[in-house]
Amino acid sequence: MPKIKIKDLVLGVGKPKIAVPLVGTSLQSIIYAAHQIGQKPAIDLVEWRIDFLSDLNNIAKLVDTAHQLQALIAPRPLLITLRTQVEGGHFNEGDQAYANIYQELLENHCMDLIDLEITAHSSVVIQQLVKLAHRQNAKVIMSSHDFKQTPPTARLTSCLHQMERAGGDIAKIAVMPKNTTDILRLLEVTNDYHLKGKLPLISMSMGQLGKITRISGELFGSCITFASLSQASAPGQIRLESMKMMIDELSINDN
């Protein structure tokens, strides 16, 4: 797997790094959660799911909160994600609003990583945001989420190559399994891309059935796993303490 460094965090080496999503509906709740994170060394990076917020209209307050959050979780990197409804999130205001919010946050140096949904937005919007992110020294997680099924293997592989072409720094695929065969296919795609792909990869099968994929990243080639601090942001997320214990137990290396 290719390696990538974000602050002091190296992805693509050793155990999957543990990301914790912050899913509060108010800015105050986000800051409260950030204070808790400082006391939990098992957390490697933090994802702020801003689509959970009840109000995204006050950009100045959003920027200020992001800066506070960065200071509170340091030296961990901050990933900001604006997840749309079509990809399992809450945001539904269209491409232009999506681009405007991300643009303001990027221009104010509010994040170390940005999540961009490769198939949910126009190629023009994606390319504009990729270029801006790279100018601001932010890494791009190019993502795709399917909460209904596990697409055919060829489609998953094609999507990963599309993420490469679009300028992503990290690829992410999250799918919903209907049976164990779906899980095995996802792991096969992950392992194959881990050996042959150009980007570090994050992959997971969601839900109770897919939990095994959240702890097996070191073996199959997924570089980040998401664990819940309190409220989960996706079905099948494992609590932080349990996640850390299982990843350590399954590790094939010492790092």
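Using the three backbone atoms N, Cα and C, a Cβ is placed for every residue, glycine included.
As written in TrEMBL, here are the features:
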type     : residues                             : note
BINDING  : E47, W48, R49, R83, R214, S233, Q237 : 3-dehydroquinate binding site
ACT_SITE : H145                                 : active site, proton donor/acceptor
ACT_SITE : K172                                 : active site, schiff-base intermediate with substrate
For R83 (3-dehydroquinate binding site), the three-state class that DSSP assigns: coil
C-alpha spacing of K172 (active site, schiff-base intermediate with substrate) relative to E47 (3-dehydroquinate binding site), in angstrom: 14
Distance, H145 (active site, proton donor/acceptor) to R214 (3-dehydroquinate binding site) (CA atoms, angstrom): 15
Rounded Cα separation (Å) that holds between the residue listed as 'active site, schiff-base intermediate with substrate' and R49 (3-dehydroquinate binding site): 16
Long-range Cβ environment of W48 (3-dehydroquinate binding site), under 8 Å and at least 6 residues apart: P21, L22, I30, A66, L69, L78, L79, I80, T81, M111
List of residues, in chain order, with Cβ under 8 A from that of R83 (3-dehydroquinate binding site) and at least 6 apart: R49, D51, G89, H90, F91, D115, E117, H145
Three-state secondary structure, which DSSP defines for the residue listed as 'active site, proton donor/acceptor': strand
